[in-house]
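A.B. asks: Residues or ranges marked as S-adenosyl-L-methionine binding site in TrEMBL: THR96, GLY119, ALA120, GLU121, LYS122, TRP123, ILE139, LEU148. Marked as domain 'tRNA/rRNA methyltransferase SpoU type' by TrEMBL: 20-159. The domain 'RNA methyltransferase SpoU/TrmH type C-terminal' feature in TrEMBL is assigned to 163-185.
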Amino acid sequence: MTEARRRRIEEVLRRRQPDLTVLLENVHKPHNLSAILRSCDAVGVLEAHAVNPTGGVPTFNETSGGSHKWVYLRVHPDIQTAIGHLREQGFRIYATALREDAQDFREVDYTQSTAILLGAEKWGVSEEALALSHGAIKIPMLGMVQSLNVSVAAAVILFEAQRQRLKAGLYEHPRLNPELYQRVLEDWLRK
Ligand code: SAM
């Protein structure tokens, strides 16, 4: 490992945001999962979450640009377990949903601990997941087509979170506690 590579790894790790994440409910297409992880990496998500009913390990493809190496993905057996885990850690969960009563995604304060819940390509977020969330958010759609591709929706919302966090100075100092920082650093240096 060169000194430059080590420095780059440390710089990126210093910008990781342990209190910003996504929860993917049955998003199963490898290119969508990969594209979402790539956006997660770009905004500094440390760990993403997914519910995979088949229990299998999700598959990535070249769309990830290798980002799946740098964003941890925790797979939960079902949506109750996933949301319970995030709530225990103090996350507010915002379900993306194309509903009349969902609020505009730009109205949310993403400088707080936030998990963005995204739904399956065909069916969207389940009613159960919606009921367990703190609120529903949507990206206004003004065209003929009703919804965005899930990875595009994830990127739009994540980059609004990045904008708010940049403004709040949340990328200026390490956000991981020293013990976690050290653990992740050692893991990344092995990659
Ligand atoms: N028929 C599904 C529905 O009504 O939810 C469409 C699912 S959409 C193709 C897949 C996922 O992308 C959604 O579950 C949501 O997470 C996200 N999504 C797509 N368009 C969105 C929008 N305008 N606002 C918020 N999330 C959106």
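Using the three backbone atoms N, Cα and C, a Cβ is placed for every residue, glycine included.
TrEMBL does not curate its annotations; it predicts them automatically.
In the displayed structure, how are the listed features positioned relative to their neighbours?
C.D. replies: The secondary structure of TRP123 (S-adenosyl-L-methionine binding site), as reduced to three states from DSSP, is coil rather than helix or strand.
Residues 9-10, 13-20, 43-44, 46, 109-111 of the same chain, all 6+ positions outside the domain 'RNA methyltransferase SpoU/TrmH type C-terminal' (163-185), place their C-beta atoms under 8 angstroms from a C-beta of that stretch.
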A.B. asks: Max Cα distance spanning THR96, GLY119, ALA120, GLU121, LYS122, TRP123, ILE139, LEU148 (S-adenosyl-L-methionine binders), Å?
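C.D. replies: In whole numbers, the farthest two Cα atoms are 17 Å apart.
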A.B. asks: Show which residues of the chain containing LEU148 (S-adenosyl-L-methionine binding site), separated from it by at least 6 in sequence, have their CB under 8 Å from its CB.
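C.D. replies: For LEU148 (S-adenosyl-L-methionine binding site), the qualifying residues are ILE139, MET141, VAL156.
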A.B. asks: Helix, strand, coil residue numbers for the domain 'RNA methyltransferase SpoU/TrmH type C-terminal' (163-185) per DSSP?
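C.D. replies: Secondary-structure breakdown of the domain 'RNA methyltransferase SpoU/TrmH type C-terminal' (163-185): 13 helix, 0 strand, 10 coil.
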A.B. asks: For the domain 'tRNA/rRNA methyltransferase SpoU type' (20-159), give the DSSP counts of helix residues, strand residues and coil residues.
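C.D. replies: Helix, strand and coil residues of the domain 'tRNA/rRNA methyltransferase SpoU type' (20-159) number 49 helix, 35 strand, 56 coil.
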